[in-house]
C-alpha cells in the first residue's frame, strides 16, 4: 500500500469517528434546515438551466417564495439530516436545458449527482469543475450529448463508486484520461457510445473493485489485454461494437463472477476476434453470452463448453463459423446444462448434422423461448421432441437443407409467435398444421413463414389467427382454392402465396378486413380476381405481385386507390384494354412497374408533369403499345419496352431530364427515322438494344460517349455508312451486334485494338469489304465471331489461333447483367428491387437464324461464309479446339482440308461447301464424334470417303458436287482391285478325292476360319465376351461330367470297403439327400421311396445341399407337409430348392433358424400370403432368392434391403403391389461388378472328401432373356433383379441406379408411372434390360447408349415420346423393342423424325472361278471344322489358355486401333509367355500366320524420319535450352543429322516412320538435369507410345503441360522427379491406352487430389504417385482392375483405407507407407491373392511418433 492510500485511510477513520460521535449526540442536536448559501446555489443552477413553461412544471418547487424556503424539500434534492448540507441531486430527465452553472461546485458535500438524459445547449462539453466535488460517490452524466474532451479532473473524485458517461458525443476522437486510474473505488463504469479510440484502456484493468464495465459502441481496436483477467469481481462486461482483433485471452477464465459477456464486433467489422472457448467452462455463473461474429472455427468442443454453463439464459453464437462438434455421448450430462436457457441464436454457421444438434438442445433444456438456427446448411429432419418446448415463442430454421414431414407436435406450443421454416425441403399438409394451432385458446402466432418448401394441401380457414401479421407460403405445392376466412386477418401486413398450384376465385371477401396489408403476392397461380369495378380495397399496399393472375380483360380500377404503391407486377394478367390516364398521372415518388406479356394496346397518355412520377424499373414488353415513347420514362434505371408497336423514341432519348438509365431494350418495335444524336447523357447505360426496328442513316457519333456500355444491339435495321470511330471509347464492350444492316467500308482495326473484352461480334449481312484485319487476332476473349454475308476478300489471318477463348471448352455461363435498386416501404425500411437481364444474340445456326439467350454461353462459333476469301484454310485455325460451329462456305478457298481438323473434338456444325477445296477428305474427320452437321459439297474433293459413322451416315447431299469422290453414302462406288486366284489343273484320276486342290482348299478354309473368328472377336467387344462365356460354359460342363464319372468309378471300386454314409431318397421326380445323423431324417414319411445307390456321387453333406425339384406333387405326397414343418431344424443348410412343385400356403416362420442359408428357390408353386417377414437379419448370408410364379401379395417389405449379400432376386409373376423401396440401394453386393472373364462357381464349403464323392456345383433355374434356363457354373456371373409381372406402382427409384454391378434388370408388366431415370447410364454391366408394358413417359435418356454390354433392351408398350437417341445401342435394335410408344420416332422405327438417306452399295460377283468345284467346298468345310475345333478344344481343355487367348484379342484390338504393328508383336509374345506355359501347335500356327502378315520385308518399304516430327523434336530441344555439350548432340540440322530416328533417345516405327518412343530420362551420375521448358510441339508427336522425361527439372514449366493429354496413344508415361508444381492436369485421363504412369516425386500444390478423369485409365498396370502432396485417397484407382503396381507413399492421405482396394485382384505391389491412415486394415485385403509386397508403415519422425499406432488389424 502506497503513502497516499495510507494517509487517505487515516483521514477516513478520523472522519468516521467524528461522524459517529456526532450522531450519537443526536438527542441534544436541534433539527437542521437548508443552508442558505446552498439554497442560493441551487437557484443559480436552475437559472442556468433556463427551465421553460413547456417542461411540465419541472423544478417548480425551486423558488424564493415563503413556501419554498426549505430547499431540502425541493424536487430531486436530498440533504443530510445532521448537517443540512445538500448530499444528492437527482435531476434525470429528457429536457433541453441551457447550461450547468459553475455554482454547482459550491455544493462541496454533494455525494450523488444525476443529470442524465438532459441536453445542455450552452454547455457543449462536460464542465471540468465537476472534478472539484471530491465527495462524489455517484455520477451519472449519460446521454447529455456532451462534446469536447473528457476532463481529466474527473480523476480527482477519489470516492467515486458509480460513473456513467455513456451516450455522449465526445469529439474529437480521444482516449480515456490516464487519471481514471485513480478511481480505485469504482464499482460501476459505463463509457459506451463515446467515440473513444485506441487500444483497450489499460488503466481500467487496475480497478479491482469493478463489477460493471461497459465500453460498447466505441472505436477501440487492437487485442484484448490478458490483464482483463485481473478484474476478479467483474459481473458485467460489454465490449461490443468495437474493432478488437486477435484471440480472446485465456485469462478470461479467471472472471469466475461474470454473469454478462458481450464481445460482438461493430457492424462493419466481421470475424476480427477468434477463440477456442477453452476458458468458457470456468465461467460457471454466466447468464448472458453474446459472441456473434467471433471466429469459433477452432472451438471443436464448443457444445461441451456451453453445456457446462448451468446458469446460462441467453446464448448468441451467430455467424461464428461453428462446425459440428464431438459426438453427443461425450458431452456433459444434460443435468449440468442450464435449465433456464431461454434464448439461443446459432444462426449463420456451418452446422450440418441436424441429428446431432437437435438432440443436444432438446435433451438439455425445455425452457427455450427463442431459437434461431437459420442459414446453417443443416440436413436431416425435425424431431418430434420439439413439441416438448412448451414455452417456445420464436423458431427460425430458415435456409437449411432439412427435409421430411414437419412434426405436427411443433404446433402444440400455444406460445409460438414467430415460426420461420422457409427455404428447406419440408413436406406436410398445411391445413393439418392450422388444425393443431386452432386448438389453442390463445393464438399469439404473428409470423408464419413456410415458403420455398414442398408443403402441400389447401389454404384453410385462417380467421382464428387474429394475431397473424406475416404469412409467407410462396414457392410450395399448395393446391385448391383459398378460403375466404383469410380476409378476416385484420392485423395482416404481408401475404405471400405466390408460385403454388392454387386456383379459383379471389373475391372481395378474401380481402375484406385486411386494412393493414402492405405487401400482397399471389403471383404465378391460376387465380381469377372477381371484384366489382367500383370496389375500394380496405388497404393501401406498397407492394403488389399479381403476375399470372387473371385481372382482365379490363385494367383493374381498384389500383386507383393505392396511393402508396412502390412495386407493382401485373404481368401475364390477361389485360387487353388501354392503361387509363389516371394511372400515369398518379403521384408516386419511385416504383417498379411490370405490365409485360399482356395485350394492352393504345398510347401512353396523360398529364405526366402533374405528378412526381419516377420509375426505377419499368417493363412494358410484349404488349401492343403504340405511338411515341413518353419522355418521363427516361428517369427509369431499367427500361424494357421490347415487342410492342412504338413508333418513335425521340421523346425518350432526347428528354432534358437527368438520365440514370442502365438498361434500355426497345427491340422489335416500329421505331423509324434516323437515330437521334442524343447519347451524351447516358453515362450509366450498360445494355442498349435497338434491334429489329426501322432506323436508317448513319450511326450517331455520340454513341461513343457511353463509355461504360457492355452490350450494343443494332441489328435488323437499315443503318448505312461506316461504324463510327467514336465507339473505340467503349472499352468495356462485350457484345456488339450490327448484323442485317447496310453498313459499308472496311472492318475497323480499332475493334481488335481497343475493345479487347469483346465476347460476341456479329457483323453479318452487311456490305463490308477489304481484308479481315490482323487486329482481330487481339480479341482473345471472343466466343462468337460472325462476319458472314459481306464482301470480304484476302485470306484468313494465321494469327487467328490467338483467339484463345475459342480454344477452351464451352460452358453454360449466361451473358447476364444484374440490376439492383432499393425502394422504401412501410413494412421494411429498405426493400430491394432486383433482377437479371439476360443478354442474347441472333446467329445463323445450321442454316437457320435463331436467337440465343441462356445457351449463348455454350457457343464457340466462327462464321466467315458468303464472302470472297481466298487462300488455304489456315492450319492454325485447327488449334481452336473449343469451336462448336465453323462455317467457311461460299468462299474461294483452295488447297486441302487440313488433317489437323480432327483436333476440333467439340465441333457440332462444319460447313466447307461451295469452295475450291481439293484432295482427299482427311480420315481425322471420322474422329469428331459430336459432329451433327457436315457439308463438303461443291468442291473438288477426290478419293474414297473415309470409313466412319460420322461420314457414312450422312446424307449424300453433304458430298454432292465433288465428282471425284466415291464411296458410301454416294452411289459412285470406288474401283475394287481384283485378286486373281490361279487355277490348278488336276491330273490323274478325277475320282480321286485327296488331290492337290484338296490341300489348297483345306488351307484356305483353315485361314478363313481363323480370320473369320479372329476378326469378329477383334472388332466386336460384346462378341468377345460371349465367346469367352461359351468356352467357360463348355469347360465347366466337361469338367463336371468327367468328375462325376471318375468319382463313380472310384466309388464302385471301394464300395465293398466303405459303409454307407448317406441316404438318397427318390420320391417320384423329387430327389433329396439325407444324412443319417442330421436333422433332415424324419419319421413321418408316408410315401414309398427307394434307395438310389448310383446317386452318391451327386451330393455331399446335407448341410450343404438339400434339393427337391422337378415335379413334386403335394396332393399325392403328404410327406411334404411334414417336411415344411421341420425345415427350421436345418440350421446348417446352405442351399434349398423347392421349385416347380405344388406347395401352397405360406412359407413357415421356422426358416428364421436357417442362418447359413445362401440359396433359396421356391419358384413355380402356389405359395400365398404376404412377403415373408423372416428375412430381416436371420438370413443375412442369402445370395439367391427366387420366389417367382407364386401368389404372394402385399407390398415389398423394407426388410429385403437388409440382404446386402444378395446377388440374385426374383419376385416376378406374383401379386405384389405398392412402391419399390428406395432402400434397394442397400443391396451392396449388386454395386460391385461381377467378374466377366473368370467364371465364379457357386461351390459351397465343407467338402471333406472330394476325391471320393466329387464336387456338386450348385445351380438355379432363371428366366433369362425371356427363356427359362438352368445356370450352374456361370451362376456367379449373375447380378439380377426381376420384379416383372406384378402390380407395383409409383416411380422407378433413382437409388436403384447405384447397383452398378447389375447384369439383368426386369421390371416389366407393372403399373409404374415415371420417367426412365437419367442415372440408368451408371449400370455399365447391364446385359438385359426390360422396362416394357408399363406407363413410363418422357424421353429415352441418352445415357442408355453408354451401356456397351447391353444385348437385350425392351421399352415397348409405354408412353415414351421424342426421338430415339442416336447410338449403336439404340439403332441396332429390332423395332419391336420400341413398339407401343406412339409418340416415339426415329430409327429403327418407320416413323422418322429426320430422314437420313442411307445408300447401300451392293457388291455382286459376276465371275465364277472353275476352282470352286465340289471337292473345293467339301475340303473348305473340312479345313474350317479342323481349324475351329483345333482352336476351340485347346481353349476348352486349358483354362489359362482361355484367359490368355481372350487377353490376346483385347490387346490385339487396342494395337490395331492404334495402328501399332509392334504392339501386335508384343501382344503375341506376351500371350505365348504368360505364366511360362508353351502354346499348343494350333496357336503357333496362328502366330506364324499373323507374323507373316504383319512383317513381310518384300512388301514393306524402308521408311525414314517424317519431317514435321523432326521439326517438332528440334523445337522441343530449343525449349529445353540444353547447356550440356554432349546431351542431345545428335539432334540438329546438319546433313548427317537428317535422320531423326537415329537421334539419341528416339525410336521410330519401322513401318510408318512415326516417332513412337522418346526416352530423355536423366541417368547415371546426375541426380537431375536442369532444363527450361517443355515445348508445345511435343503435342505434335501424335503416334508417341513411350515418353520418359523423368529426373529433369523444368524451370519454366511449373505445372505438367496439359497438352501431354493429347498424346492419346501413350502406353508409357514417366514424369517422375521433375519438380512440377500446380495441379495434376485432368486431361491425362484422355490417355486411354496408358499402362505405365509414374508421377512420383513432384511438388504439386498442397492440398492435391487426383482428377476424377483418372478413372478412365482402365489399362493401367503400373501407377506411382509417391510424394505428391495428395490429401485424399484416390478412389478412382480401385476401378483399375489391371493394376499390378501401386505406390501412394509419402503423401498426406488420411482417414481409413478404403475397402475397395480389395477389388484390385491383380495387384502384386502395394505401398501406402508414410501417410496418416487410421482405423482398421480392411479384411478385403484377403482378396489380394497375388500380392508380393505390402508396406503400410506410417511416418517415423520423432515429432509425430504418437501417430505411428493409428492403424490396427487382426491379421485375419
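Glycine residues also receive a Cβ, built from the backbone N, Cα and C atoms like all the rest.
These figures come from a predicted structure and were not determined experimentally.
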The annotated transmembrane segment range in TrEMBL, which must be one of 1372-1393, 1394-1415, 1416-1437: 1416-1437
Which is it, of 976-997, 998-1019, 1020-1041, that TrEMBL names as transmembrane segment? 998-1019
Residue counts in helix (H, G, I), strand (E, B) and coil for the domain 'Disease resistance R13L4/SHOC-2-like LRR' (1627-1737), per DSSP? 24 helix, 25 strand, 62 coil
For the domain 'Leucine-rich repeat-containing N-terminal plant-type' (1507-1549), what are the same-chain contacts with Cβ under 8 Å, counting residues 6+ beyond its ends? 1460-1462, 1555-1560, 1569-1575, 1577-1578, 1580-1581, 1583, 1586
As a test of reading the model: what is the averaged pLDDT for the domain 'Disease resistance R13L4/SHOC-2-like LRR' (179-413)? 89
Run through the domain 'Leucine-rich repeat-containing N-terminal plant-type' (36-80) and tell me, per DSSP, how many residues are helix, strand and coil. 23 helix, 3 strand, 19 coil
In the domain 'Leucine-rich repeat-containing N-terminal plant-type' (1507-1549), how many residues does DSSP call helix, how many strand, and how many coil? 20 helix, 3 strand, 20 coil
